[in-house]
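Residues annotated as domain 'TRAP C4-dicarboxylate transport system permease DctM subunit' in TrEMBL: 7-424. Marked as transmembrane segment by TrEMBL: 43-71, 83-107, 113-133, 140-163, 169-195, 216-242, 248-267, 279-301, 321-351, 363-384, 404-428.
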Amino acid sequence: MMTAVLFVVFIVCLMLSFPVAIAMGIAAITPGMLDTALSADVVYIIRTMVVGIDSTPILAIPLFILSGTIMAQGGISGKLFDLFAYFLGKRTGGLPCAVIVTCLFYGAISGSGPATCAAVGAMTVPLLVSLGYDRGFCSAIVASAGGLGLIIPPSISFVNYALVTGTSVTSLFTAGILPGCLIALCLMAYCYIYCRIHGEDKEKIGANYQKLHSRGFLGIMKSGFWALLCPVIILGGIYSGIFSPTEAACVSVIYAILVSMAIYRTINLRKLWELILESVKSIAPLCVLLALATAFSRVLTMLNAPQALAEFISGAISGKIAFLILLNVALLILGMFIDGAPAILILSPLLMPIAAEFGIDPVHLGIVIVCNLTIGLASPPFGLNLFVASSTSGAPVMEIGKKIIPFIAMFLIALVLITFIPQISLCLI
């Protein structure tokens, strides 16, 4: 009964336009107020909130956000794009594919989908439009490929999932590599098909290609080397056991400052301070969300909601395949309306025991959840990346929404493969 009350209060608060974090807090405190026998009183909620964010692994989230903010202003996305355009620029669909590969590598630096979309889109979309590509198509590329920042390690979404489920962050990071590459290949396949059908301005593209090649391979490589080295240091350090994911986040911040200030010299001390303040403004609401999500999930556990839901679904659904289909459909719909972080923090503790009933590996479950919510990030009408891409390119959101549908279809093909072939996620662990 109290579980139903909790969810009703939560949904009503959302309908009244309360922020998700506040809605979770009000819902979490309601059962304790209605039933004094339940130990979930105000003191318990506050204590749980403090304990929820008093965690070393959680430090990785603000540090990766700060690192991504510094690198976005440090011109690293431009260095990466020039490097990939040098090799792919003259081929059919080469420059759009170079944008996707840039998003793939930049995602391994920032750990964030919207940050990847903004940093890569601001630099590449105007260039592609000047070379004759459709503005809506270019914006759709960065809106869809920007989501790779949620899947390619080090992903903030995987850290969130690990915090509420107890899954190994390193295992999640490792498992995200092949799914991220598979999705990138599917998106690149559509770019090639689109460019074959609609054609390209070969004269302008050829001139741009010659301009890049006039700098020479060593010149391009020298410029992009430090940008390429960042994910190698971060991921190599984690997988080799030299440092933990949280320590890797610290290293990424130090590396971002050194590269941006000492090597590329694109930011100074005053700008660095502004970027730190900008990051704090992004981090503070997320910390409140994490704290209240911890309290919300603890109250759900106290009410035995995950176990009850697991028993109900395992009895109502005949097998693993049916559960995975239902899970994907539900998450795809939910991802269109709710941001990835609260969705992961709320749903993951509920889905874990159900997945265990069907013998689904928790790491594979995490990959499936994040992939679904990544599609939601780019899906009309409310996908955040659509608005980020629109703000950086000037294209109307509805125009991007129309152009992005084929990209979402390719994303769904990759999702089906990832969902029903768990070895794609688990073979590297």
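Using the three backbone atoms N, Cα and C, a Cβ is placed for every residue, glycine included.
Predicted, not measured: the structure shown is a model, and the values here were computed from it.
Within its own chain, the transmembrane segment (363-384) has Cβ neighbours under 8 Å at 113-114, 143-144, 146-148, 150-151, 155, 157-158, 161-162, 165, 167-168, 171-172, 175-176, 179, 183, 324, 327-328, 331-332, 334-340, 343-344, 347-348, 351-352, 355, 397-398, 401, 404-405, 407-408, 411-412, 414-415, 418-419, 422, 425-426, 429, counting only residues six or more beyond its boundaries. Under 8 Å from some Cβ of the transmembrane segment (169-195) lie the Cβ atoms of residues 57, 60, 92-93, 96-97, 100-101, 103-104, 107, 137, 141, 144-145, 148, 151-155, 158-159, 161-162, 235, 238-239, 244-245, 363-364, 366-367, 370-371, 406-407, 409-411, 413-414, 417-418, 424-429, all in the same chain and six or more residues away from its ends.
Listed stretches 83-107, 248-267, 279-301, 404-428 were compared with the transmembrane segment (140-163); the greatest number of C-beta pairs under 8 angstroms is found for 83-107. Here the transmembrane segment (404-428) has long-range neighbours at 140-141, 143-144, 147, 174-179, 182-183, 186-187, 189-190, 194, 321, 324, 328, 360-361, 363-364, 367-368, 371-372, 374-375, 378-380, 386, meaning same-chain residues at least 6 beyond its ends whose C-beta is under 8 angstroms from one of its own. Ranked by number of Cβ pairs under 8 Å to the transmembrane segment (43-71), the listed stretches 83-107, 216-242, 248-267, 279-301 are led by 279-301.
For the domain 'TRAP C4-dicarboxylate transport system permease DctM subunit' (7-424), the predicted model reports an average pLDDT of 87. Sequence-distant contacts of the transmembrane segment (83-107) (same chain, six or more residues past either end, CB-CB distance under 8 Å): 71, 76-77, 113, 116-117, 119-120, 124, 127-128, 131, 133, 137-138, 141-142, 145-146, 148-152, 155, 180-181, 184, 187-188, 191-196, 200, 205-206, 208-209, 212-213, 217, 220-221, 223-224, 227-228, 231.
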